[in-house]
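A quick write-up on the structure given underneath.
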Amino acid sequence: MGKSVNPDLAKARSQATFDPANLTNYLYGGPEKLRRKRYLPAFVFKELCTEMSLTDLCLIFLGLLTHVSDYLGLTLSIENMAAKEYKEEGFKSTDDMSREEAYEESMRRAVYTNKRVLQLNLQDQEEQYYFREIFVPGANPFALHYVMFKDAINTQGTEDQIQKWLPLAETYAVTGTYAQTELGHGTFLRGLETTAEYDVQREEFILNTPTITSSKFWPGALGKTANVAILNAKLITKGRNCGMQSFWVPLRHLETHQPLPGITVGDIGPKFGYHTSDNGFLQLNRVRIPRENMLMRYSKVLQDGTFVPPENDRLVYVPMTQFRFVVIGRSGWTLAKAVTVATRYSAVRRQSEITPGGGEVQILDFQTQQHKLFTQIASAYAMIIAAKAAKDLYDSAFSKMEKGNLEDLPMLHALTSSMKAFNTWEMATGVEQCRMACGGHGYLLASGIPQMYTDMVSACTYEGENTVMCLQAARFLNKCQEAANKGERLPQLTRFLQTSRLNISSSLDQDVDLNDIIAAYEFRAATVISEANARLNAGLAMGKSQSEAWNYASQLLVKAALAFSHWFTVRALIENMRGAGFDNSTETLLLQLAKLYALDGMLRYSGDFRKVG
Ligand SMILES: CCCCCCCCCC/C=C\C/C=C/C(=O)SCCNC(=O)CCNC(=O)[C@H](O)C(C)(C)COP(=O)(O)OP(=O)(O)OC[C@H]1O[C@@H](n2cnc3c(N)ncnc32)[C@H](O)[C@@H]1OP(=O)(O)O
Ligand SMILES: Cc1cc2nc3c(=O)[nH]c(=O)nc-3n(C[C@H](O)[C@H](O)[C@H](O)COP(=O)(O)OP(=O)(O)OC[C@H]3O[C@@H](n4cnc5c(N)ncnc54)[C@H](O)[C@@H]3O)c2cc1C
């Protein structure tokens, strides 16, 4: 039962000047990865459904990604499924459900995917992600379990603890969350109030949330789903505060799922988005856990209560750095989904005339519509490709860290902090632009775009509020600027602070040279970073303390971090497009897209670029 493709859409596709397969293979990491990615939904839907053609299945798959399936009224008839417990007649849209019903529907689908991932032995993280996203397109109640809970065990646990706890997480014998934020503190971790006091007599920690503001507040899955938390608390031993450490804390009974003694836990209530994630609160009333429940890869508490500090007290922050990197990558794909929906819609929506009497045109023919969408297509590619470029730096830093070499930790923290802020702000702006480009139908939940926005815009807040993350990156950039001022050697990533010069060869009447574009963004970043450093030093010269001068310069410091990220993204986009081995037509198109992205950025930040000439 094939579905005919809209003739306007078919015509637009037929006019492509390149072979999309080349690009798709590049984006998904090669033909084999792409084959697997396409095979998974077809395999699963074939298993689930009886009378659906492959076209329908792909349409449903794509539609599920963007909820278009709700719009088309498609439902899946679930037949002889391997997972007998999945009794649902089909995927009902959660758009019309209450929060409880939507959570239950998402939970049902998530539990199904968890079982199938194990039965199909899907080991590859990306394949697991694709598989899950087919069935739970919105916020997945197990998201914290899949990412931060397991990452914290892997990065903060000893080998013995990993051996003990990771199999429980992998087989869903336990369901976890990452409980750090409190009602009174999300950003300022040194202000966390939850305590873990060591009782040397019984070799146990006594966990306590002594005040209302110390209640854990926000952790995903805490409201209903999780029965264990990796919980961050202030360690107190021998009367001394030893800073934030991580602990494995059972929350609910593994059989009855009822809160354990001393535990008060529940859901924090309705949110702007992320409706199917049960973000919760937790109060601990002198809950005891054994000494072995402290994650002791880097810091330890000996039986007699002696605290053995980590080589670097920032290593406890590694799970956040890891997850910021996930957010950096997913931001580009989120924008890619939104702009795909909006571009397809713009090919099939006919509205108004360009030439009077000439008949209504595809809205994609309006230059204003092209500007709205093509800049977002370019931005999605830029973010996806910059994330791939950052991964190389990320992987090399992590492999060095695992051998005990922490020299790249500051660079990694700065890169993940600034790129997480840059990408999520760009993604949020871009998704909203795509929604508005679809007129009234973009405002329909069935378009899929509103939920993408309300779910994903939270990424500007969680995992490090964006302004705070920019200021974190600015610490590193400012240090590099100070070193540059003294002629000292800089880390590879910031050496442009010493070398960047504005020797642009392009003139306005010729096609701009790509190397000039990179040089312009590099010079803009170097100038903004230098200006922020100058403002900081001006503050000090006025007699302000270091922290007051930092606050005095903070707006420019945020700009410096964003200019750095913008340069990193433009450079990655151009260098990767030139070096990717595409055929001429594809490379020509991609370099055109890279110029569009870079020149649009210059227009949006024309003040910076005009100022640096
Ligand atoms: C579109 C995206 C889609 C993604 C979908 C995926 C599915 C999503 C589902 C889950 C949804 C949500 C999950 C959310 C989870 C959470 O939010 S978990 C909680 C996150 N919380 C935070 O991030 C807290 C942010 N605050 C901090 O990190 C710290 O408080 C802060 C760094 C701001 C300050 O810490 P201080 O101890 O005060 O440090 P400071 O004095 O500023 O600096 C000291 C020193 O330490 C260095 N530093 C700080 N952090 C790190 C780090 N992480 N790694 C390495 N080094 C670090 C800092 O640079 C300083 O060094 P310096 O040399 O003195 O400069
Ligand atoms: C959907 C969602 C899911 C979440 N999931 C989890 C989870 O699973 N686990 C978990 O532990 N937490 C989770 N969180 C909490 C999240 O990590 C915090 O909300 C986040 O760290 C921001 O902290 P805050 O809410 O206290 O905001 P605040 O820090 O209070 O921010 C408020 C304002 O203060 C400004 N500000 C704060 N500090 C500074 C500073 N030093 N300089 C300049 N400006 C500053 C910020 O820029 C912001 O404008 C989640 C949050 C959301 C929204």
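Cβ from N, Cα, C; glycine included.
Copied over from TrEMBL, here are the features:
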ACT_SITE  Glu463  active site, proton acceptor
BINDING   Thr181, Gly220  FAD binding site
DOMAIN    95-173  domain 'Acyl-coenzyme A oxidase N-terminal'
DOMAIN    317-477  domain 'Acyl-CoA oxidase C-alpha1'
DOMAIN    513-612  domain 'Acyl-CoA oxidase C-terminal'
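Taken residue by residue, the domain 'Acyl-CoA oxidase C-terminal' (513-612) breaks down under DSSP into 87 helix, 0 strand, 13 coil. Under 8 Å, Cβ to Cβ, and six or more positions away along its own chain, Thr181 (FAD binding site) finds Lys216, Phe217, Trp218, Pro219.
The 10 Å shell around the Cβ of Gly220 (FAD binding site) contains 26 further Cβ atoms across the protein chains shown. Residue pair the residue listed as 'active site, proton acceptor' / Gly220 (FAD binding site) shows a Cα separation of 12 Å. Just so you know, the Cβ of the residue listed as 'active site, proton acceptor' picks up 24 other Cβ atoms within 10 Å once every protein chain is counted. In this structure, Gly220 (FAD binding site) belongs to neither helix nor strand by DSSP; it is coil. Looking just at the domain 'Acyl-coenzyme A oxidase N-terminal' (95-173), the mean pLDDT is 92.
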